[in-house]
Amino acid sequence: MSRWWNSNSQFASDIEKATSETLPAGSEEISLYLEISDQIRSKSVDPKFAMRILKSRIDHSNPNVQIMALKLTDTCVKNGGSGFLLEIASREFMDNLVSILRSPAGIDEDVKMVILRYIQSWALAVPDTNSPLSYIIHVYQNLKDGDYEFPEPSQNITSKFLDTETPPDWTDSEVCLRCRTPFTFTNRKHHCRNCGGVFCNQCSSKTLSLPHLGINQPVRVCDSCYSLRTKPKGSKSRARNERKFHAKTRKTPSKPVTNNEDEDIKRAIELSLKEMPQSREPPSYERPSEANVVISQDQHLTEDEDEELKRAIAISLEEAQKSSQKDDNVTAPNNMNISYPSVPAHTVSTDIRSSPFSGRPSDNPSTLISTADADNITLYATLVQKLKKLPPGSIFTEYQLQELHENMGVMRTRMMRSLGETMSKYNGLIQALQKLQTCMRLNDALIEQRLSSTYAHHYIDSSMDSNRSIEPEPDVISTVRNSSTIPQASSSSVPKIVVDSSPVTENPPSHSDVMGQKDTISSYYSTDTDVSANVMGNRHDEVVFSDTASGEKNTKLNIDESTNYYNTDSIDKVGEPFDEISSGYDDLMNGNDKQGNDIPEVQEASLIEL
């Protein structure tokens, strides 16, 4: 847009230079006049903008400037083309000339005569009153009826004065007008500046200047126009045939051809369209087969081809290859299951297909971008970038860019709506994810609580079992050597005593060995107190003996060592009456048995509570 404004500024400066106040009267620069008219005819400058610049110079207060501006306007009318003629024939320009003629402040006679002469010549050159230029005739008749005297025309004026060959309007087609190749994202459209037809790059790769159209710089032309403009003169009939061919082609651009080659191309296109839904590639880029077409076409690119377009195509192809590789890596089996670790009474197994949050393709077509939309976006961006390098005013000749601009507005609305829907879905998924995380945390806490209670209960049960298993039996140890037996009571409530008659095979541990143990019996037993029968029958006590016969007095023994040292029998092996155990018990406590032998002194021990 800045280039377009700069081009308009340059055009305004050229007009100001051609109608400068410093120029003497009658010293018009015809070459500059023709250059300005060529800019208008080549559509490098908007005709309306050119008309308003000339109108501002005609309204100048200097009569010399007004006359030169009128002469420049007449030159542009005869050489500027039909677009500029329509602007001159508008009410804006013609009414301004009438207002100058009828100015209350008066008007210079030379300026008045120049205005009347040009209005008369333009009106006489208009072929018909029904033409778009008929307002010039209407103004001419009103001035003629208003007692304005027009000068006699210096020559016979016909409509040929206004016939100017201008660049044709561009046509559109889905196939190349020369080779009938369909246009795609990579096979772009190109318009011939001479005939206005649309061709592919191979059929319009040549450039040529067109001075008869006011285009002095080399521009793109098709091969047919290039051969017509460069061949020797003398073949006018062939040139007319070529013009007729282009005219017929523009009228029927999509007319099918009947030869076998075109039919094969059509069948190939239909097959490719049928295979397109089965393709796994995203719709935003072309298939590899079209990439090969790009490579083959890039070999025929000429120096005038836009380098930025080449880079854009190369980048798009690289992105297409990367996207295809990512799709191959991401694709996974649809029947894949996810199983979580098992815990007691809790087993979780989910299926991706049954998950409400599993990734599924959207069925809403408004959220998808078709291949045509992606191509239009890329083409629009490419044309905008290319417009910066084109000559000033080329934006008015880029009709395709204007159409794409309108399409971008509609597409922007659709994409904004799709973006809103996508954001709503995203927010919903975020909320669902937060709820899922909360549920997972609660589930983990419940599992940990249940495991803790289970382990604690198991620990208590095992402790109780161990206490029962290690509780000492109320057995009384004896080392009577004469194998005398003391009768035991059958009741389980009274301690029962069994006397072991086996001889002692080894000496009890010494005092120094017992004191070296970690858990000694000295802290739990008292060797100075006698044990009564009643206390012995009511408490489960562990006892130690001092064997006077062995030579050691009151030796303190460890519990484990004493158990290993003496032979102990369970109380269940004895079933003697209670009266016999009472008498035997009294004798044992007094230190004598029935045979009169000495008995080791029995000392009371405190029960170790486990």
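Here the Cβ of each residue, glycine as well, is placed from N, Cα and C on the backbone.
According to Swiss-Prot, the Zn(2+) 1 binding site annotation covers CYS176, CYS179, CYS200, CYS203, on the basis of sequence analysis. Contacts of CYS176 (Zn(2+) 1 binding site) defined by a Cβ separation under 8 A and a same-chain sequence distance of 6+ are given as PRO182, PHE183, VAL198, PHE199, CYS200, CYS203, in order along the sequence.
Annotation comment: Swiss-Prot describes CYS192, CYS195, CYS222, CYS225 as Zn(2+) 2 binding site. Neighbour density for CYS225 (Zn(2+) 2 binding site): within 10 A of its CB lie 25 other CB atoms from the protein chains shown.
What Swiss-Prot records for 347-369 (among others) is compositional bias 'Polar residues'.
Residues or ranges marked as compositional bias 'Polar residues' in Swiss-Prot: 482-494 (among others).
According to Swiss-Prot, the feature domain 'VHS' maps to 20-151, an assignment based on sequence analysis.
Taken from Swiss-Prot, the feature domain 'UIM 1' covers 260-279, and the record attributes it to sequence analysis.
What Swiss-Prot records for 304-323 is domain 'UIM 2', and it gives sequence analysis as the kind of evidence.
Among the features that Swiss-Prot reports, region 'Disordered' is placed at 229-264 (among others).
Per Swiss-Prot, the feature region 'Disordered' maps to 340-369 (among others).
As annotated by Swiss-Prot, region 'Disordered' applies to 482-517 (among others).
Among the features that Swiss-Prot reports, zinc finger is placed at 170-230, with the record citing sequence analysis.
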Inset, instruction - Sort the residues of the zinc finger (170-230) into helix, strand and coil with DSSP and give the three counts. - result: 14 helix, 18 strand, 29 coil
Legend entry - Residues within 8 Å of the CYS176, CYS179, CYS200, CYS203 Cβ centre (excluding the Zn(2+) 1 site residues themselves): VAL175, LEU177, ARG178, ARG180, THR181, PHE199, ASN201, GLN202, SER204
Inset, instruction - Have a look at the binding-site residues CYS192, CYS195, CYS222, CYS225 and say which one has the shortest Cα distance to CYS179 (Zn(2+) 1 binding site). - result: CYS222
Inset, instruction - Counting other Cβ atoms within 10 Å, pick out the least crowded of the binding-site residues CYS179, CYS192, CYS200. - result: CYS179
Inset, instruction - Please compare the binding-site residues CYS195, CYS203, CYS222 by how many other CB atoms fall within 10 Å of each one's CB, and tell me which has the fewest. - result: CYS203
Inset, instruction - Would you report the average pLDDT that the model assigns to the domain 'UIM 2' (304-323)? - result: 67
